[in-house]
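Step one of this worksheet: look at the structure below.
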Amino acid sequence: MLRTSCTSSLRRVVGKYVVSPLVASQIRFATSSVRSQPYLLNSELTELPAQFKRYSSILLTEKPEGDVPESGPEPSGESGISEKSNVENDKHDGNDEIKPEAEKNEKDEIEKPEIDKDAIVETDGVSESSVENVSGSSSAAGGASAPPSGNSNNNNNNNNNNNDNDEPNEIVTNAGTGLYPPLLAIPMKDRPPLPGRPFAINITDPEVIRSIYTIIDKREPYFVLFHVKDPNEGDTDVINSKDSVYNIGVHCQIIRHTTPRPGVFNVLGYPLERCSLADLSTPSEKKGETETRKEGENFPTSYLKGLKVSYATVKPVKDEPFDKTSTDIKSLVESLKALLSKMGAKNPLEKLQIKEGTELVNDPPRFADFVGSTIHGDPKKIQEILESLNIQTRLSKALELLKVELKASLIKENTIHNLSTKADEYQTRLFIKEFIKELQKRAGIVESDDKKTSKFDERLKHLKMTEEALEAYNAEKAKMESQNEHSSELGVSERYLDWLTSIPWGIYSKDRFNIKQAREILDRDHYGLKDVKDRILEFISMGRVSGKVDGKILCLTGPPGTGKTSIAKSIAESLNRKYVRIAMGGIQDVHEVKGHRRTYVGSIPGRIISALKQAKTSNPLMLIDEIDKLDLSRSGGASSAFLEILDPEQNNAFVDNYIDVKVDLSKVLFVCTANYLGNISPPLRDRMEIIEVNGYTNNEKIEIAKRHLIPDAAKKAGLEGGHVVIETKTISRLIEKYCRESGLRNIKKLITRIFSKASLKIVEEVEAREGESKSKSEEAKSEAITGSVTEISVEDATVKAQSIEEPSVESASQKVDEAKPVESEELKSDEEEEEVVKLEIPDDIKLEITSANLKDYVGPEIYTRDRVYDIPPPGVATGLSYSTSGNGDALYIESILTHSIGSGSGHASIHVTGSLKDVMKESASIAYSFAKSYMVKNYPENRFFEAAEIHVHCPDGAIPKDGPSAGISFTSSLISLALQKPLPPTIAMTGEITVTGRVLAVGGLREKILGAKRYGCNTIIFPKDIENELEEIPEEVKEGVKFIPVEWYQDVFDEIFPNLSSDEGNEVWKEEFNKLDKKKASNKKK
């Protein structure tokens, strides 16, 4: 095309001359104008346009290459060409490849110009006088790289024909202030442009569009562009304040403008240079002070005053001087060039553009701007490059952004590559699998059924599934075989068939009903617990008689550490049944018991089906451990699920939500354990057969420690040879002073601690002996060496020395080589874990643990006193308590007068403390009421309760207390205070009191007896209603204790206050009340 040939010809001409920067910029503008003018596409055009003729004549006035004119005098300010013009021209030289963005896709109509290196004109060494000598030259926008264009009568768009007078008018800086006249100011939210690279911006404000048409008509197509600080501000084409934009912007020239759609005006601009904002006029200011201030002023762009746009007075910004030979700058330029080459190699679309940019390496400022314009960085980071006047800083910031972009490009490329590789591998594997499968089918190597279902068919041969389960199996198997191998539902079906065939359908272990063997197993594993063992043997004997053991639900309840779980294991061993355990702690949802439906991702069966799979039989002993830990307030659904599981009438058709077929649990022997029955819901408790496992007595604890705990601890510590001896008295003291609870866990811990400390002492003793023996052997060896020294003559020594051959080099090296494997073996043995050899303990080393040295092993005693009061004062009664952990203890009730009756207020009151809960507070209130009525009835002259201010306290205030069993203790304490008679310290009592004086039954008599004996009480008053429980309490527990059953409180009174006459009880508080009566009489007179 003619257009391309024109530009190419002009380039060839330029290559033969060294021209001034201004002329070079004019030539570049001419070539770009030719490429951008559509009328040049006319095939009838036969001569060069006027621009080419004019600039060709300018070229002829230049001197040929090598004859560079000398520097002339400095140009004056009136010429319109300042020092800034030359610097900026030099800075922007070579940017002739300005191609409007709107023409990038016009491949069919406009040919892409070739990049000609000759078009980049070197301007180094060109003096300012050479610019002065160019006739008719002018500096557009103060020396910017793009030259002015000719006049246009109506330049509304770029499709109007240009003529020879289309040059832009000259706009220069003021010689005094260095400022440009006011120019149109436009804000930009997108990334700010950098000098040397064209950009496009869309304008929607009608006033701004009108002003652009105006400056084009005036042949002054210049404006300034500033980046906004906050991109979230309203979408506007007017700058409303200086604070809303950055201070450094760009001075631009309009290259082309189009209207892509109604209401949108697209401007292709070319950034000429950096500029700083000196003053800003906004549409709002023009009506006020600013307009008044500028009235009468006359400047080249004064026509902008009448438009509702923002215009600014700007000052060109110069780069800081720099040294091109600086090592730092060269290093930065080379780094940028290398990274750009990498980017070009990875992105062929940008390869040509990057190649053009790398040719600017000799001009670091323009090279930095090129890199900043090329990369897609954060607009704020680009603005930092724009504001960087220090060339080294500008290069550093550009390098930093380029590294980030390259890293992101690498990550993106690797991600795409990995995804593509995985997809290719998947397709390859899929093809190979399908190919092999087809070959196997044709060769008849495999059956048509899927291999994955064959393992389930193999399991099915050994199972006796119900019809419902078999139907579900076949349906799921058919579904699985019909699914694609890569379907997500395939895994769901496979897991379901796996669980369904893992249930032991029809598999039962043979029960063993041997009473003798069962008794031996129970006695072997447990000492005492006669009642529990008898109940279990009765249960087994029923199975022996009937020939089967139906699914029973046993519940072993008792304090912690009494062996409930181990009893369940012994029952399973006695019956020859598999043992599985389900812990109830933490179960808060019914789905954990009955499973989740298969609609949920990752659903599994519940605990019951999982336990059957683990047992591999349909009649295991299934231990529901700590069923009282089931939180009824949060997991009522789980408790309701156990109503079905533990009901023999319903559990033959248990349905798990995941399996969704009926499973027979009627042959399962359920054994539950609980610490406190009160935490189990009544409907669930009704389905169980309760077996109470009471706490151990001291004698039982001693025997269990001797038979089980001490041998186990000695075995774990490696001291089985009788090296540690614990006396029976020591065990008894350990129980009395350290662990009074009903269970065995604490005493087990203490015995383990004894053996651990004993092992330390034994090892220290053995090592001390080994050290002594070693030192003795060394002394003996040294003495032997000293005693065996013989005299050797000089001649013999010389002969012996000569007989020793000096080793050769070969032999020495051979020895070194032979030693190397030894070194490696030594290193290898060091790295490997050394096997610990058991210490051989001499038989004479023995440790005796006695009552005297017991505290050296387990620390100081915890329970130092057996009773609080040796001789209790009046108002102190000894009650008995029983905790849910199975421990019996003494409970003291203390009552005092807060004021003497004579000096008090005369009003009766009672105050109760000691962390008492509601039931116990009511019991104290009932006791107070009954005590008053009892004193009025039996000691009418004792007016104690008419004016007594009483404080009742129960010690151990940190421990919450509840229950009615302290009723007679409260009453006895109050009556003791009223009669001023102390109670015997050896008498303890328990029982609920009513307002009529009736004593009602309470629980935990066995544990309370043990607690009373520990505190030295040999007489126990208890309700007559529970007298029959004494028959079930072992004799060793009742030994040394006098039991007094009572039905009314009068029986209690007769026991604690024998031989108390009426006169003695009536005379107690007479003097105090006489004082009180006199005090009241005197108060009335006043």
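Even glycines carry a Cβ here, placed using N, Cα and C.
What Swiss-Prot records for this protein:
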ACT_SITE  Ser965  active site
ACT_SITE  Lys1008  active site
BINDING   Gly558, Pro559, Pro560, Gly561, Thr562, Gly563, Lys564, Thr565  ATP binding site
COMPBIAS  69-83  compositional bias 'Low complexity'
COMPBIAS  85-120  compositional bias 'Basic and acidic residues'
COMPBIAS  124-163  compositional bias 'Low complexity'
COMPBIAS  767-782  compositional bias 'Basic and acidic residues'
COMPBIAS  815-827  compositional bias 'Basic and acidic residues'
DOMAIN    183-406  domain 'Lon N-terminal'
DOMAIN    871-1059  domain 'Lon proteolytic'
TRANSIT   1-55  transit peptide
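On the structure: features taken from Swiss-Prot.
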| residue | record | Cβ within 10 Å |
| --- | --- | --- |
| Gly558 | ATP binding site | 25 |
| Pro559 | ATP binding site | 23 |
| Pro560 | ATP binding site | 18 |
| Gly561 | ATP binding site | 20 |
| Thr562 | ATP binding site | 28 |
| Gly563 | ATP binding site | 22 |
| Lys564 | ATP binding site | 25 |
| Thr565 | ATP binding site | 14 |
| Ser965 | active site | 29 |
| Lys1008 | active site | 27 |
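Counting in whole angstrom, Gly563 (ATP binding site) lies 21 from Lys1008 (active site) by their C-alpha atoms. Residue pair Lys1008 (active site) / Ser965 (active site) shows a Cα separation of 11 Å.
Ser965 (active site) is 25 Å away from Thr562 (ATP binding site) when you measure Cα to Cα. Excluding Gly558, Pro559, Pro560, Gly561, Thr562, Gly563, Lys564, Thr565 themselves, the residues of that chain whose CB lies within 8 A of the CB mean position for the ATP site are, in sequence, Leu556, Thr673, Asn675, Val693, Gly743, Gly886. In the three-state DSSP assignment, the secondary structure recorded for Pro560 (ATP binding site) is coil. For the pair Pro560 (ATP binding site) and Ser965 (active site), the C-alpha distance works out to 23 angstrom. In the three-state DSSP reading, Thr565 (ATP binding site) counts as helix. Reduced to three states, the DSSP call for Ser965 (active site) is coil. You'll find the Cα of Ser965 (active site) roughly 27 Å from the Cα of Lys564 (ATP binding site).
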